[in-house]
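J.: Could you have a look at this structure, given as structure tokens, before my questions?
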Amino acid sequence: MKLHLSAPSNQLLRNNIQITGSKSESNRSLLLQALYPNISIDNLSNSDDAEVMQKGLKIGNGVVDIHHAGTAMRFLTGFFASQEGKQVTLTGSKRMTERPVKVLVEALRHLGAEISYGKNEGYPPILIKGKKLEKSQVSLPANISSQYISSLLLIAPSLENGLELELVGKITSVPYIKMTLALLSQIGVENSFEGNTIKVSPKAKVGPVNLVVESDWSSASYYYSIVALSEVGSEICLSAYKDNSLQGDSVLQELYTEFGVETRFEGNTLVLRKVGAPKGQTVQFDLGNAPDIAQTIAVTCFGLGMGCHLTGLHTLKIKETDRLEALHTELSKLGADISVTDKDLTLGLSGTMKAEVAIDTYNDHRMAMAFAPLAMKIPLYVNDAEVVSKSYPDFWKDLEKLTFLVDEV
Ligand SMILES: O=C(O)C1=C[C@@H](OP(=O)(O)O)[C@@H](O)[C@H](O)C1
Ligand SMILES: C=C(OP(=O)(O)O)C(=O)O
């Protein structure tokens, strides 16, 4: 599906949007619920990733296809490896077979798991024969993906002696690890994270306990971008959020003040307001703790004619696509002065912005959603726009609520 996008007739926005639960919190909560059936969950994500996670958890034996869902791939690997009697092949989209799982597989094997590779060493598909994991201590590199660590932590309380992890190297995407530990605390599992050591106590029974998933902050980022690109005085209300979020992307509240966007809470509603011009001509952010908002921020800067230097982007090359390359290609098409390395991105001050460019999305939901706000400034096309369903199936409908013109061509 190719879409043509153009701006709302009135650039002074006033809208309310309801966003469903965080896919990260949802997929963790679903896994914990499979281990501890006394858990109930509210405001679950309606994303494809949460759907494949639910389907995957129900399968006893056979092939589990998790499509593009990185969290489902990593979390289900730990889950099935620790479930005695289960025998599954975990696979996914072509891109998923290029996203590494070796660190996780090695750690699980060290704990006693039986996992082998279906095709290429270190990558899905993987064949898992569920076993009782006897050991309770393992060390693993922490600089590639935090999802490996979260996968181990989620099954940790179900192991006889709990788990002690020693994290080696610079720890990446730390808030996602803390989110996992916070959810364990919410279901009454004792844990600690000191220095590079994480300890989780065993727990045989949980609950009953209700987990209320906060709405998705990564999805909220696209509205931050829209408000940043709108007229002073614009307001968008998003629900339902918490001011003590478990999601690292809630750092948007601070980062977007640089672009003249202020955030306030009215109960569980997040109110984004454009209060003035950006503070400066360039921004410099380390996004090692919030990698999923890198695309949004780069595009916001381009739309505002600002420069930026974004660091801490070393994980972007192994996500849904190589996001650094994809940003380089697509922003260049629009006229940006952009350079990337394997861990950072630099955007020069931009003057021109080419209209009617067709943005390629590379099977990456965030490419489609990050570029959409640019329609506030110039009409553009988005190719394969259905990719948004990975995390936010209602995205285009919600843009129409803001009176963007969204036409299938
Ligand atoms: O644990 C999670 O829910 C996630 C962790 C992050 O991945 P990395 O730790 O691989 O950066 C993030 O990019 C992803 O969207 C979701
Ligand atoms: C990287 C992402 O997801 P995952 O790794 O779970 O596929 C994302 O949603 O931006």
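Backbone N, Cα and C atoms are what each Cβ position is placed from, and that goes for glycine too.
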J.: For the phosphoenolpyruvate site that TrEMBL assigns to Lys23, Gly70, Arg99, Arg323, Arg366, Lys390, which of the candidates Gln137, Gln147, Gln281, Gln284 is also assigned?
T.: Gln147
J.: Rounded to a whole number, how many Å is the Cα of Gln147 (phosphoenolpyruvate binding site) away from the Cα of Ser173 (3-phosphoshikimate binding site)?
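T.: Just about 9 Å between their Cα atoms.
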J.: Which binding-site residues from the set Arg99, Ser146, Arg323 come near ligand 2, judged by a Cβ under 6 Å from any of its atoms?
T.: none
J.: Under DSSP, is Lys319 (3-phosphoshikimate binding site) part of a helix or a strand, or is it coil?
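T.: The three-state answer is coil.
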J.: Give the distance between the Cα atoms of Lys23 (phosphoenolpyruvate binding site) and Ser146 (3-phosphoshikimate binding site), rounded to the nearest whole Å.
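T.: On Cα coordinates alone, these residues lie 15 Å apart.
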J.: What is the pLDDT of the domain 'Enolpyruvate transferase' (63-399) when averaged and given as a whole number?
T.: 97
J.: Filter the candidate list Ser146, Gln147, Arg323, Lys390 of binding-site residues, keeping only entries whose CB is under 6 Å from an atom of ligand 1.
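T.: Only Ser146, Gln147 meet the Cβ criterion.
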J.: Among Gly70, Arg99, Lys390, these being the binding-site residues, pick the one whose CA is nearest to that of Ser173 (3-phosphoshikimate binding site).
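T.: The answer is Gly70.
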